[in-house]
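> Provided herewith is a single structure, encoded as structure tokens, for subsequent inquiry.
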């Protein structure tokens, strides 16, 4: 059976085959690292973690690139606000991001380029766009992209420039000749530190956000590649602008397939700090183990909206316990390679081959768990574990998971909560720090603060 993927560009399911037989090249827009990663970032990273895992399960080589934006208005603002260098802030946030990724059990991307490493390539692209008449120097010193000069603008969002302009709110006082035009190179501002500036033919300045991804994707994957992914919020204008930049230079399709994961809402409301419903990955892992968080995310289809709530996480935990309970009954037999002709495996494959249909694939896991409960077959248990592994699930020790659910957190859970408590203390949120300490104490874990950090031990 062939793999079909929903392509945002065509707004249809299309049969997928890589440009280079046997090798998939995929680029996903990563984090702008001025703060800790939140549950929306976790959803995006988890979605493409599953995509990567499934492509590999089908025997394909995957070169997965997820970039890091380490220069941006928000990064500059946060560094100035905290009185530290941009480098100190980004190094801190990258380390925190990697810790969160590790705690979630995500497979790392093949490459993780940082925007500041590719500024010369960005300037080269801007020069090529200017030579083709697609970019112009503005009165304020910026270099902007002339949107109406690119014939294909709007094809990803499905709207013409006139339709898009009707909703544009950009004033022309910023040197743009059209509200839809966007900045490729930002001239240096008096308040910006020297480390946020590079020399160029246009004077000191820095790249715009959109040109960063065009440069990094081309440098790491080539002028055309198989899959470009990201959150639904990036479809317009970020991904639309990437297409205009890259295809404006090369004349070739930037990516054959465009994939966008759905939004995360919190108790059916948009997640925002002002509403008090903003949750970092560390906040979530302070309450729930990583396997529960993964199960909560992957049992929903990646394109659907995901509603975060304690009730839904609690339900995910109970559902996952059913799968681990089956695996605790009998040691799973090792599976060297999944036999995709086996009926359960065939159903699982059919589900995943239809636009990474994780809800239907998870349903197969539960059907298989019922069989394990009845038969106590090591072979059935082995298949359950192997299929779960395609989603990054069921690879932990079943008894440890079930015992942790009974009230004793495991090592990874404890360390995640310690990290969340440290972050709360750093932000002087001592009430939250105390809440985490007391929650662990209620589960029989005592935290001890020392000169070298926080350690823990079981309560006597």
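The backbone N, Cα and C atoms fix where each Cβ goes, and this holds for glycine too.
Annotations for this protein, taken from Swiss-Prot, read as follows:
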BINDING   29, 213, 238, 242  Zn(2+) binding site
MOTIF     31-41  motif ''HIGH' region'
MOTIF     270-274  motif ''KMSKS' region'
BINDING   273  ATP binding site
> What's the most sparsely packed of the binding-site residues 29, 213, counting other C-beta atoms within 10 A?
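Sparsest of the binding-site residues 29, 213 by Cβ contacts within 10 Å: 29.
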> Under an 8 Å Cβ to Cβ limit, what residues of the same chain, 6 or more beyond the ends of the motif ''HIGH' region' (31-41), are close to it?
68-70, 72, 74-75, 77-78, 89-90, 93-94, 96-97, 100, 209, 231, 263-264, 266, 271, 278-284, 308, 423
> Is it possible to list how many residues within the motif ''HIGH' region' (31-41) are helical, extended or coil according to DSSP?
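Per-class counts: 3 helix, 2 strand, 6 coil.
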> Can you list the residues of the same chain, besides 29, 213, 238, 242, whose Cβ falls within 8 Å of the Zn(2+) site's Cβ centroid?
209, 210, 212, 214, 217, 228, 230, 234, 239, 241
> Kindly state the mean pLDDT of the motif ''KMSKS' region' (270-274) in the predicted structure.
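Taking every residue in the motif ''KMSKS' region' (270-274) and averaging pLDDT yields 74.
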> Using DSSP and three states only, what is residue 238 (Zn(2+) binding site)?
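In three-state terms, residue 238 (Zn(2+) binding site) counts as helix.
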> Which of the three DSSP-derived classes (helix, strand, coil) applies to residue 29 (Zn(2+) binding site)?
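Assignment for residue 29 (Zn(2+) binding site) reads coil.
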> Check each residue in the chain of residue 238 (Zn(2+) binding site) that is at least six apart in sequence and keep those whose C-beta is under 8 Å from its C-beta; list them in sequence order.
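Same-chain residues close to residue 238 (Zn(2+) binding site) (Cβ under 8 Å, separated by 6 or more) are 29, 209, 210, 213, 230.
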> Starting from the Cβ of residue 242 (Zn(2+) binding site), draw a 10 Å sphere and report how many other Cβ atoms land inside it.
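By my count, 26.
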